[in-house]
Amino acid sequence: MAASEEPNAAASLHGSSSASQPLLSNPSPPPLLYPYPTIDDPPQSNPSESDPSQYLQISYNYGHRPFKDIPILVLFILFVLSSFGFGIFATFNRNINYSNLSSYYYDEKTSNCVTDSVFSSSPIWVFLYSFSSSSSVLKSLIWTLVATLILSLPICFFLLLLLKHYTRQIVYASLPFFVLLPIFINVYWFIACTVNPTCSYNFPMVYRILVLIFMFLVIGVIVWIFIVNWHRIGLTISIIGVASDALSMNLGLLVVIPSMTLGLLIYYAPIVLFLVFARLNGKIVPHHHGSSGDYTCVWKQDKWVPAYYALAILTMLWSGAVMVEGQVYVISGTISQWYFSKEEDDTPRRSIRKSLRNAFGPSAGTVCLSGLLILVVRVVRAMVDSARQEDTPGMFKIILRCCVNTFLAAVDYLNKFTITFAAITGEAYCSSARMTYELLKRNLLSTVFVETISTRLLLGIAFVLSTIYAIVACAILRAVSHLGADTYLVAFAAWLLLIVILEFFIHVLDNVIETVYVCYAIDRDRGEVCKQDVHEVYVHLPISRNHRSSLSLVFYNIASCMNLLCTFHVCEPNDSMSTVLMGIGIEFS
């Protein structure tokens, strides 16, 4: 019975895929069960790898999704509950006498620290009053930042509209400003500092000329980067246009994603308050000075406070990474629903709500695991970078740094697009990582997205818009206020706030680009065309045939580093582990 159903399924697949073909540069034959085969690859002997039927059902999972990676989710919940539980205990167990530490003195009669009842600490309203009686600079700064925050939303929508309908025009119009604005700023500060007697005295002419030349060299590097990548500008413009169209069809993401960040800040607020109150857990005890024989009253913190600090800070870091991965999950789930929908000009209903429910429901463990891995990679990489700055060279440190960098490269290699694939299929983290790699490998696509120039272009556009806004804000401030040189400080703060908001917008657009990339790979794998305009653009991406060699090199380098460390007697020889890693590398190669 099952044998008779499989041909029917295969026949139905041929029928559905023959109606719509991927738009390729050259005519291609009708798709088979295993479309877009890997070119020049030897025949696979493993039946499980050569069976294409196991990959036919990769699409957005609209059905019921079981909970995945439950142990990691339970661990994260334990961290959060422990942080809040001990934080509440620290709040009610705090010592209110900490602020009056200076009023305590040692009483020889009782051999204890007692307080002077006459002393009274400065009330907090004095500080608040002094803060409220600020200068006009602070008032101008606050009003400028508030206006920038309000105007940032229409600026982002206006930029999205331009990128959707006039991508080529906005990119080519912005390219000259990538060079002209830095040149203008470089020459302007040089002339302004030369004219100003104070700046000219504090900053000699020789140093000003050196800084001027250095900035021109940086501008030259920017020009060289765009000249080298000029042949990719056209494809990048098309990719940005497709992503902008996808984001414009799901405008709710521009409200939900910032709201998730705001929710994270609200979630951080009680933990920060608990950390403040945890510092107040202790007691005032006498301290004997051995040299003079005198006693003073000092604050002795409870022993559990440092452990709570470590727990709370780790929970905050992990929660921040989880929120970032959760945002990627929601973006990927929403865009993939739009991509695989049958309506061309319509967005599926409640797609964002469904993605949120999946992210913090069945796939919450997957999101937590992805956030934990990202956190570990960032912490280890920061430790390696800090150790690199120390002036203690040695063969062991060089080899250890090589091993760590290779391991981090392997994690980045396997983690790419994993959370996006999990948002589409609902699979667990490890299954998503494996299936993503196999999906892109079968279709000759790279796990490292080739069009990184799109991010640079978008960042350049954000820099141009922020700089123009800062110049306009500076001109308005000089006309309506008398801040003097502080005008530049207020304008710089406005520029900084706007560019941070625009970079957040670009981060969302980058995730849209990567999601569409994975959806396009699924389309190629199934021999279907869900979005014709996407295929017309992404089909021009260069193919990649080096998946196996890259992955084998990663695992082989890890094994080689382990053997080198054991050679220097810094670890116990583990032939089985290194043999397994080398075997994996040989198998992939």
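Note that the numbers count up from 1, one per residue, in the order the chain is shown.
Note that Cβ sites are derived from N, Cα and C of the backbone, with glycine treated the same way.
TrEMBL does not curate its annotations; it predicts them automatically.
Copied over from TrEMBL:
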COMPBIAS  9-26  compositional bias 'Low complexity'
REGION    1-52  region 'Disordered'
TRANSMEM  72-92  transmembrane segment
TRANSMEM  141-163  transmembrane segment
TRANSMEM  170-191  transmembrane segment
TRANSMEM  206-230  transmembrane segment
TRANSMEM  251-277  transmembrane segment
TRANSMEM  308-332  transmembrane segment
TRANSMEM  359-380  transmembrane segment
TRANSMEM  457-477  transmembrane segment
TRANSMEM  489-509  transmembrane segment
Selection from 72-92, 206-230, 251-277, 308-332, 359-380, the stretch that has most Cβ pairs under 8 A to the transmembrane segment (141-163): 251-277
Annotated stretches the transmembrane segment (72-92) and the transmembrane segment (251-277) touching (3 or more Cβ pairs under 8 Å): yes
Touch test for the transmembrane segment (457-477) and the transmembrane segment (206-230), at least 3 Cβ pairs under 8 Å: no
Among the ranges 170-191, 206-230, 308-332, 359-380, the one whose Cβ pairs under 8 Å to the transmembrane segment (251-277) are most numerous: 308-332
Surrounding residues of the transmembrane segment (206-230) on its own chain - C-beta under 8 Å, 6+ positions past either end: 175, 178-179, 182-183, 186-187, 190, 193-194, 453, 456
